[in-house]
Amino acid sequence: MLSKREMVLLIAGILLQFLLSSALSTNDHESGDAPIASNGQKFPWNKMRLPNRIIPLHYDLLIHPNLTTLSFTGVAKIEVSVKQDTNSIVLHSKYLEITSATIALTQDGIAQHEKAMNVLEFPPYEQIALQSIEPLGAGEKYIININYAANLSDGFYGFYKSSYKTQDGKTRLLASTHFEPTSARMAFPCFDEPSFKANFSVKIRRGSQYIALSNMPMVKSFPIGEGLFEDHFAVSVRMSTYLVAFIVCDFKSVSAVTSTGIKVSIYAVPDKWSQTHYALEAAVKLLEFYENYFNIYFPLPKQDLVAIPDFQSGAMENWGLITYRETALLYDSVTSSASDKLWITMVIGHELAHQWFGNLVTMEWWNDIWLNEGFARYMEFVSVGATYPKLQVDDYLLNTCFGAMGRDSMNSSRAISTVAESPTQIKEMFDTVSYEKGACILHMLRNFLTEEVFQSGLVSYLRKYSYGNAKNEDLWNSMANVRLYLSVTKMILHLKSTIIYLYTEGHLDIKEVMNTWTLQKGLPVIIVEHSGSLIRLRQERFLKGVLPEDPVWESLYLWHIPLTYITSSSDRIGRYLLKTKSDTIKLDKEADWVKFNVDMNGYYIVHYEHSGWDALVNLLDQDHTLLSMKDRTHLIHNAFQLVSTGKLSLDRALDLTRYLRHENKTMPVLQGLAYLEVFYKLVEKRNIPDVATNLKRYILEFFKHLIDKQSWSDDGSLSERLLRTNLLEMACDLQYPPCLQKALDLFNKWKNSDGTISLPTDVLEIVYSVGAQSADGWEYLLKKYIQSMSGAEKIKIVNALAATRDPEKLAQLLEIGMEGNVIKLQDLAHVVAAVSRNPVGHLLAWNFVKTNWNKLIEKFELGSFTIRWLMVGTTSHRKNWRRLVAFVIV
């Protein structure tokens, strides 16, 4: 048997191989000669961004989808205002066949004589130009009338077809939209940029067996012959094109009304109507919370939430008509676990936050998409924490920030606010940096400025830019103005005494501080040297895989960091704004230990030099309760992250986890467990059996006292249930005999009852995964997948099917996923990633992606969520990693 020291050296050597390389990404900007339209004529515009000489005011849309021919026709009447004399109108159109286009001058709101316009197309920029013989005069208003036709999209963008199967096996069709970021142009010609806001009147023609939904309530419906109806919807508020939405389907709904009279409805396929009720409860609570928190009423009379059977992302915040992946909205009490319920609640909170951040106030351009997504991600935690306090979701913000740091510590990261021009570049902005890092720096800002200033600043920002657009500096200015007002009026005295003097040294320029977090990539590591009452600080960029040819990786980076710290000699939280490369802090008293980034309210890593880590290891060994649960979790995370850069030895990080034998809180246990599991999977894939065997034994012995305490039930708080799921999953994965036997007994009972008995939802996937190890069990689970009407159960079954050690079964699963019949195409990336996590399947998954690459980019657009997930899911386990560092946990 290898000694602990030998095991550490072997693991460290393996890690070193992976840390020698990291991914570099570059974006080449498009260039070329003057554009030539598809008919050979010169196109009158040569930029990807539209000119601002024409401004849309109102769209009147008539859309008629045909779910038999899978096509649609449309009429778009667009009222525009001319800001500069011109002979052409340039707007967006993609895959639309324009059959005619006319223009008419308006006087007193009435269109005059219509005149035909020549239509030019420039597909590379997804633009069309409508050319007028007579000049369009500045200050005038016109109505453009465009007739067009197109096929319903085969993918997940634009106006696309979707389908589902009923319990008796019949296939039903529907049509739905997903326009963010640049796909409204696939459903109607439009000025498809976020700053071109307008009002929309939508009319939908449909068969009598369907219903139509749009952003606003339906105000009129009448038959037009041949079994068709035309539904008219109320005029919308002023909004961006990517927020327009319409659906033609046969769904059922459940509704309720908020305390301010907003009708909230949840829509789903008829067979899943019973799974809508929890979402309704959550949506009503969260919508009421946001109205109170922002002190701004929801401006629409209704809010629909719709579960779409085919949906690539998690959800889409269309104003008044939010669309969701079924698993992000529907809760099945028989098969949905505690984590499923938490996920649904958080996604609903995220999308409803967008009704203010993103919809009411929209970023000026996609480079600041984090103003939408970072805020919505952070407000998930704020809103759910307030409405469902028992869920204790604030604890899980740590995981969000850990994930962001993992991405941000790579050289391939990017700044939060980054140039993005093409549709592909824009899609790539919807990533961990915009969502998770955006949320984390907002959390830091909230703790820096205090809750009162932060909330008041948000309200000021939302009120000032309502129905308009904003950029980074507009938010910082709103925060600064509120802080100044509160200081001048002495309202700041309402704050806790420990925060009154918060960073009052000198003039505080919020924009200057926050620009260091949004305009440069990466994150800092604070290096702490503590002796007695003196603390010396210096900051560096925290970067994994530093390349020899990158000598300025550290010198060009400087952050303004709101530091917090606690010591052994004081009950108060110390606060200091570090704006230089190095500085010192003088404590009032000498201290045995110091711990920075209290409760991880800041976005930075901390390294303690000399005896700093020794003091913290001893503290945890002697009485870990002297530090908060968040601080203990944060220390474990930071220690192992520092191992990855060579600043801390693996031996020392493992010493830090020694106290976990006495830990009973979920977050620290799961953090330590996660890193140990990463090491185990690493050595398992490297085929080092001696190390793998010893490490497996070490992990099981280390956590045995907790594993053996777990019941195979759904009892306990959310935190206790999540701990149970993770511990038992790990135990069975490491072949712990009592775990395997219990899971197999439950699986056989369930299988022998033909799935009629209910199993505890929190251990459902574990039971299925053990059962899938036999050929008979695997085939039975595949049959149950086909029969199941629960999206939550289907995910658990897919994960179980991907856990088999039979390569032929794994290859079969990949092919089933690619076909898109039994397993929906939207879930293909999940299937591939699940197979890739299997030691037997990671090469299978990689080869599958390579072999089917051309087909994959036909089905999913480059830059899309699915393509990125496919690449990360398969390359993160390869021997020659170029995109991910081995032990980042995302």
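Even glycines carry a Cβ here, placed using N, Cα and C.
The model shown is predicted, which means the values in this text are computed figures rather than measured ones.
Marked as active site, proton acceptor by TrEMBL: GLU351. Among the features that TrEMBL reports, Zn(2+) binding site is placed at HIS350, HIS354, GLU373. The annotation domain 'Aminopeptidase N-like N-terminal' is assigned in TrEMBL to 56-243. What TrEMBL lists as domain 'ERAP1-like C-terminal' is 593-877. According to TrEMBL, the signal peptide annotation covers 1-25. What TrEMBL lists as site 'Transition state stabilizer' is TYR435.
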Additional residues surrounding Zn(2+), by Cβ distance to the HIS350, HIS354, GLU373 centre under 8 Å: GLU317, GLU351, ALA353, PHE357, GLY358, ASN372, PHE375, ALA376, ARG377, MET379, GLU380, TYR435
Rounded inter-Cα distance in Å - the residue listed as 'active site, proton acceptor', TYR435 (site 'Transition state stabilizer'): 13
Length of the line joining the Cα atoms of TYR435 (site 'Transition state stabilizer') and HIS350 (Zn(2+) binding site), in Å: 11
Model confidence over the domain 'Aminopeptidase N-like N-terminal' (56-243), averaged pLDDT: 97
Lowest local Cβ density (other Cβ within 10 Å) among binding-site residues: HIS350, HIS354: HIS354
Cβ neighbour count within 10 Å of TYR435 (site 'Transition state stabilizer'): 22
Cβ contacts of GLU373 (Zn(2+) binding site) (under 8 Å, same chain, 6 or more positions away): GLY358, PHE430, SER434, TYR435, GLY438
